[in-house]
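Quick look at what TrEMBL lists:
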REPEAT    4-45  repeat 'WD'
REPEAT    46-78  repeat 'WD'
REPEAT    88-129  repeat 'WD'
REPEAT    135-166  repeat 'WD'
REPEAT    177-218  repeat 'WD'
REPEAT    219-260  repeat 'WD'
Amino acid sequence: MKRLDAHRGSVNSCAFTPDSRNLVTVSRDSTARVWTTRDWSHLRALTGNAGYVTSCACSPDGRTLVSVCWDGTARVWDTGDWCHLRTLKGHTEGVISCAFAPDGKSLVTVSYDNTARVWDTEDWTPRRTLLGHTDGGNINGVTCCAFSPDSRILVTGGWDQTARVWASVDWSPLHTLTGHTSVVLACAFAPDGGRLVTVSTDRTARVWSTRGWAHLRTLTGHTRRVDSCVFAPDGKSLVTGSWDGTARVWDTKDWLHLRTLTGHADMVTFCAFAPDGTSLVTVSDRTTHVWADDDPRQDDSDDEDDAYAAAAWATASC
């Protein structure tokens, strides 16, 4: 296991560049760090944030990275030389997450100020502020966001225990998804756009059909809050990460649990697949684990060593 000790605080999130050549991790130490996936060596530290960095996303064309921060800002970086290009201001509280539309035309940032803000990526001007996440009249934060693969739908999740569906053509609200009994912490669309998964502090993941927004299945098994979810690029697997220190792999055909990935000493706060599907990354307290898998749907085994050998899992701690 290779260990890279660069971050000096908890790692909150990560993002791959579209060509899968680089990984960016962001941390409570107020930095974003760039790694090469060739040998997982550290390339660059991106500094200048006034608070801890909560999340990041790469543009679909791979030319820019956006990192969002507890100081209420989003910072835009050139991935060619990793120079800072611009700081986006407008949120009045910490920014929690961000997402690019797959067509590259929009960026959405979400915040504890209870808004989602839409930015035009051509000139980085604010296009729209989305409101709606409330709980009995009390204002709560928006925690997550995700675009559908065709860029036509945006989903946001919040402290009000709902996920909200928006039409990107005019940013009008379409649906409110209810059923979670606590904060919705993350959401992800399947690569074919047919399903959405939301995860929550209530320890569950919920699967929804995007055709009528019907609830299809509730996935249980984590023993603490579920912070993250990601579909494999081929759509055959889903991975969820939890404060119970594990990531769980699910078969998206029948939603059966396939295996549990262990090794983190603390809560798993985020997980991401490389776009080329060759590796899965899970992040935790100061560490990032890189998993390579020839067959991510390999069955679980009681013998951890044999299971890893059979599925060709490899891990490095960053």
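Along the chain as shown, residues are numbered 1 onward.
Glycine too: its Cβ is placed from the backbone N, Cα and C atoms.
TrEMBL: automatically predicted annotations, no manual curation.
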Remote residues contacting the repeat 'WD' (88-129) - C-beta distance under 8 A, at least 6 residues beyond either end: 13, 51, 54-61, 64, 66, 68-76, 139-151, 154, 156, 158, 168, 171
DSSP-derived helix, strand and coil totals, residue by residue, for the repeat 'WD' (177-218): 0 helix, 22 strand, 20 coil
Within the predicted model, mean pLDDT of the repeat 'WD' (46-78): 95
Tally of DSSP helical, extended and coil residues in the repeat 'WD' (88-129): 0 helix, 23 strand, 19 coil
